[in-house]
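As given in Swiss-Prot:
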BINDING   34, 35, 36, 37, 38, 83, 84, 114, 137, 171, 287, 311  NAD(+) binding site
ACT_SITE  116  active site, N6-AMP-lysine intermediate
BINDING   405, 408, 423, 428  Zn(2+) binding site
DOMAIN    591-669  domain 'BRCT'
C-alpha cells in the first residue's frame, strides 16, 4: 500500500470510528456491531503502526491507552472549580428561591434543573477544536493532569465539530452495569472490590497506566462551559445546547422551570426515578438559567448565589448491632464503634458505624443485640441514628465502657471538660501506630509511599516502634513485606531519606503535640528557629508569642518535659534529621529579590499552614502590596480553603490564582 493510499485510509477510518463512538457513547444509538467496530479499530492501529508519520494525538486509537506515567502533574485551573451550597429539604429550596428573587429585585427568573451525577469532576480544555488537556477538580484551584486517561473515555470527543477554543466541565462516572462487571472480575481474581461506582470511577481515572482506565468502560456527562472564545452565551441552557452541538455528551434529563414549585416537582420526580438510572446520582443541581442574572447575583465566600445542590436524603436502613469494639487514636482517645450485621447503605456494605463516645451510647440507650437505624452522614460516614425499642426482646445487653485501655491495659481517664475517655500511657502501641501514620502524613513529614497499610505492616513485623525507627529501615526489611518489590522498596527508602531535609515545622507537626496544629508548628519553628531552643522555652516565653494561648503553651512544655521525648530527639539528631527552620523570617526578607516585589496580591479563604496576617507581613516585607479586593490591577490571588467570591473576580479580571502550597513554595525559594 502506497503512503498516499495509507494516509487516505487512515483518515477514513478515523472519521468512521469517531462517528461510531458518537452514535454509541453520546447518542446511545449504535449503528454497527461490536465486532465491526473492533475490526475497523484494529485496521487503524495496524496502519498507524506501519505509518507512524501519520499518527495524530486525536486519533480514536489513543483510546486504548498510552504510555504508563510516573506521576500526575499538577494543573492550576484558569478559573476555579467552585463548590455549590447545599439544600436538604423543600424549605431550603424555597429559601434559595427567596434569596434569588430578593437579589434581582424580584425580576422574572427561570431555573434549570439537572441531575447531580455522583462521579469525579473534571475540566476539559480544547484548542481550535482539539482536546489538549484534562484535569481533576482537586482543591478547586489546583488539580492533576489526567489527559491520557480521559482520552480513553469514548464519550469525550478528541476533536469537536467546530474549531473552537474552550474549557468544558463535567462529571466522569462508571455506569452501574460496568461497576457490577468490574467487581465480579476483581472477586474472581481475589482482589479487593470497589465500594461504589464513584470510587471505581475515581480509582480508574487516577491510574498511572491509561490502559487500565481504557478497560473500565467509563463515561462522562458535560454540565458546563467555563469559558469559550469568540462566542456570547446568554443562558446555561444555551451553553448545554452548544456543547451538545460540538459533540459532547450532555445529560438529556434536564428541565427548565418557571417557579420553585416546578423545581420541587422535578426533585420529587427524580427521587422516585433515581433507582432506574444506569448511573448514580446523589441529588439535583438547580441554577438560575440567565447568565446576566447569574453575574448580577454573584457569589458568596464559598459558592455562587445563583446555584444550589439539592442533596437526596441519606438512605436509612435497619440492621442488628452485634457488638461494640474500641479503637485508640494517636492522642489516646478511646472511641467506641458499633459492629453490625452487614447491610447495604447508599451503595456500600456497612459493617461498622461510629458511636463517638460513651455519653452518646447512654443518651440513645444503645445495647448489644438492639435493632438500630443506620445511615451515612453526608452519604459518607456510617452512624447509628436510633434504636428500635419495639423490637427489644429483653435479651439485649447494656454496654459499659472499660476502665482500662484495650491496647495496653493502662487505666483510662476522663480529662476535665472532655466527654472522651483517654489512655495517657505514652508507650501504648495503638497510640504509637496512629502517631506514626500522622508523622508520615502529607502536612507532616510527607513521606510518599508510606501510608496506613505499610505502617501497619512495619508495626506488626516489629520493625518500628518510634518515629526515629523509620530512619533505620532498610531495603532488605521492606522486601520482606507483602506487595514490596525492588523498585518500591528502593523508592520508599529514598523517600524516608529525603524527609530528613524537611524544615522544623513539619517535624514539630508530625510529633503530634496536643493542641499544636500545622499553623502553630510553623509559628514555633519561625520564632525559635531550632528544636533545642524550643525545648528550653518556658511557658511564659511561649505565651508571649502572638496567637499562642495558655493551654497550648502548657501542652508544649509538658511534652518536652519527658525523658522519652528527649531521647527521641537525640535519635533524630543521630540519624541526621534536620531540626532547624529552613523558611525565611520576615526580618530576612527585606533584601531578597522576590517574585512579590511590586506585585499587588489578594489573600482569600483559610490558609492552613500560615495565617493570612502572617502571609500579609511576608508579602509586604518582600516588596509586595496586599489588598482586600480583586481588580484589574491585581497581579495574584492566593486562595486557601473555602475561597469563593474573590476567585470569581479573579476569573473575571484574568488574574493568576495560587493555592497555599504554591504560595509557600515561592516564599521559601
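Note: Cβ is positioned from N, Cα and C throughout, glycine not excepted.
A map of Swiss-Prot features onto the structure.
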residue	record	Cβ neighbours (10 Å)
36	NAD(+) binding site	12
38	NAD(+) binding site	11
84	NAD(+) binding site	17
116	active site, N6-AMP-lysine intermediate	22
137	NAD(+) binding site	20
287	NAD(+) binding site	23
405	Zn(2+) binding site	23
408	Zn(2+) binding site	16
423	Zn(2+) binding site	24
428	Zn(2+) binding site	21
Remaining residues near the recorded Zn(2+) site, that is with C-beta within 8 Å of the centroid of the site residues 405, 408, 423, 428:
328, 332, 404, 406, 407, 409, 410, 412, 425, 429, 430, 431
Could you count the residues of the domain 'BRCT' (591-669) that DSSP puts in helix, in strand and in coil?
26 helix, 18 strand, 35 coil
For residue 36 (NAD(+) binding site), name the DSSP secondary structure in the helix/strand/coil scheme.
helix
Distance from residue 38 (NAD(+) binding site) back to residue 428 (Zn(2+) binding site), taken between C-alpha atoms, in Å:
60
Determine, to the nearest whole angstrom, how far the Cα atom of residue 405 (Zn(2+) binding site) is from the Cα atom of residue 137 (NAD(+) binding site).
42
What kind of secondary structure is residue 137 (NAD(+) binding site) part of, going by DSSP in three states?
coil
